[in-house]
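K.L.:
Take this structure first; my questions come after.
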Amino acid sequence: MDGNAGNYTDKTRVLDIKPLRTLRPVFPSGNQAPPFVCAPPFGPFPPGFSSFYPFTSSSSSQTNQHTPDLNQAQYPLHQQPQNPPVYQQPPPRNVSEPSMVTPLRSFRSPDTSNGNTEQDLEGLTVKRKIPKKRAIANPNFESGISISDRENGNRDLVVSALMRFDALRRRFSQLEDAKEAVSGIIKRGDLKSGSICMSSGVRTNTKKRPGIVPGVEIGDIFFFRFEMCLVGLHSPSMAGIDYLVVKGETEEEPIATSIVSSGYYDNDEGNPDVLIYTGQGGNADKDKQSSDQKLERGNLALEKSLRRNSAVRVIRGLKEASHNAKIYIYDGLYEIKESWVEKGKSGHNTFKYKLVRAPGQPPAFATWTAIQKWKGGVPSRQGLILPDITGGIEGIPVSLMNEVDTDNGPAYFTYSKTVSYSESFKLTQPSFGCDCANSCKPGNLDCHCIRKNGGDFPYTGNGVLISRKPMIYECSPSCPCSTCKNKVTQMGIKVRLEVFKTENRGWGLRSWDAIRAGSFICIYAGEAKDKSKVQQTMADDDYTFDTTRVYNPFKWNYEPVLADEDASEEMSEESEMPLPMIISAKNVGNVARFMNHSCSPNVFWQPVTYENNSQLFVHVAFFAISHIPPLTELTYDYGISRPSGTQNGNPLYGKRKCFCGSEYCRGSFG
């Protein structure tokens, strides 16, 4: 023991210490200590022994009418010093007074057998601290990505990894949204799904490299840091600088591979191709006690990249009010031109780096800055024909733009954001909505709308579609749940759309805003008819949506095994229409009539139904397949009409030649 003033320790004694791996209990020999005694803290005790302080209780005092021997209490029983120091004993306590010492049972571990908390003897609630669980890969899951593809990817692998991640994230968000109503705690499904994908091999480009990342294109957008990790664009899930160690002239040194600009502290000096980047460390960007930044790790890597003239990848972080979340856009390669040290707002030294975008790259961040000016009402945009083609019918204006030729706009049509149903298409069966007050609750099978959807909301809390389904049932306008999350397609368009002239496919549709995967875009408005009862053909109608066509199947929903669920419960993604419906938007329609066909689309259609005035109506709603950057044309698969007499196995050819330009273009559609 450590000696204090007035204490004495006999260091000449050598104890017979046994190794911890000895399985038998080891007792001291007779010449080492007094007889070994085991007794409860409160007695009864053998003659000559008493309880240790502070375990003396009234009962023990009555049994042993003397003060505890503190000299014995200071040492293990088998290590009593030969000449122990003398301590001043406390005055004897009145045996009639209750003990003020907290009993050990008050410190026992909570009983977790029947919940997260327990009631102790005093009636106090003790919270159980639940340890965090790490995501573990399912041993029954096969990612389908080879080791070589995992190290070096391509565009298909990048797109696939991002889609699989987001599908899993949407599923976890759905589960957490259901728990949030009870617990009030919202967890981040992106962290869990990202961890599972990483451990399960749903990733690519694991080989860290400077410069271009295979399959990642300039302008790609990300809504979560984990997405960049899964495709090898930026490995750290938190740090802003990524680097690798390479062999230098004399020793190994770090070089930067990519940086993430937060968008809050970095100054671009009004030029979208110039970035003034602040180094890391020193808590300069946090509400903590700051200090000088050090030339180490990422800061040193940027300095070495400057000396080597090595380009780095730049990801710009942006925040848009429409999303209420951070969006990241890959802006390509930048060259580090200079570095310096300056005093930050905290008064401490911070590293600054000036980066300039390499020439010859397609615009990315510059497009975002231009859109912000358009939203600010800058009237100098070239090619603008109309600021709002809807005439105020939509809640958000839809501009009309032509930068290709002198065409002043499409042929006249009546703009409408609803669907009119002919008498031949009206469904005869009656339908009833729910009677939930305020909002529907997931898992409430007393709610007709929730029960039709299998007990779950089809959307996340922010209106993102969870999975493709044969049919989605929304709450109706007549349902009393005014604040319900199950009326997404009835709320109209939520992104700023634009009709524009394409090079070789007439008029097209695109968005000023970034669109998250699973987000609702619009419905196909027009006149709905029962195709089996339409007498005349629709051959002369270029603005027709036909639900009876053959569409290329594709996988969009989450993988149950990856989510540690039963694979037999996988949901079908094939639509189920009650009648062979067609919708004509030739004379009356909305922005959906301008959406062009593509054999590699970024939008898919989903049948949605809801009751109105006790009658069931079916709509065709469009959702984003993947994250869509601003000013990217929105396209969906028009499908191919099945000709009469076609035999199984014969290839199907459409009536129109396809100009989508996709790598997987099948040559025709319609």
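Note: Cβ is positioned from N, Cα and C throughout, glycine not excepted.
Not my notes, these are from TrEMBL:
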- 75-123: region 'Disordered' (REGION)
- 82-93: compositional bias 'Pro residues' (COMPBIAS)
- 109-118: compositional bias 'Polar residues' (COMPBIAS)
- 211-357: domain 'YDG' (DOMAIN)
- 432-492: domain 'Pre-SET' (DOMAIN)
- 495-639: domain 'SET' (DOMAIN)
- 654-670: domain 'Post-SET' (DOMAIN)
K.L.:
Taking a Cβ cut-off under 8 Å, which residues six or more beyond the ends of the domain 'Post-SET' (654-670) line up next to it in the same chain?
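P.N.:
For the domain 'Post-SET' (654-670), the list is 504-505, 549, 552, 596-600, 635, 637-641.
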K.L.:
What does the DSSP secondary structure composition of the domain 'Post-SET' (654-670) look like, as residue counts for helix, strand and coil?
P.N.:
0 helix, 4 strand, 13 coil
K.L.:
Report the mean pLDDT of the predicted model across the domain 'SET' (495-639), rounded to a whole number.
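P.N.:
Per the prediction, mean pLDDT sits at 90 for the domain 'SET' (495-639).
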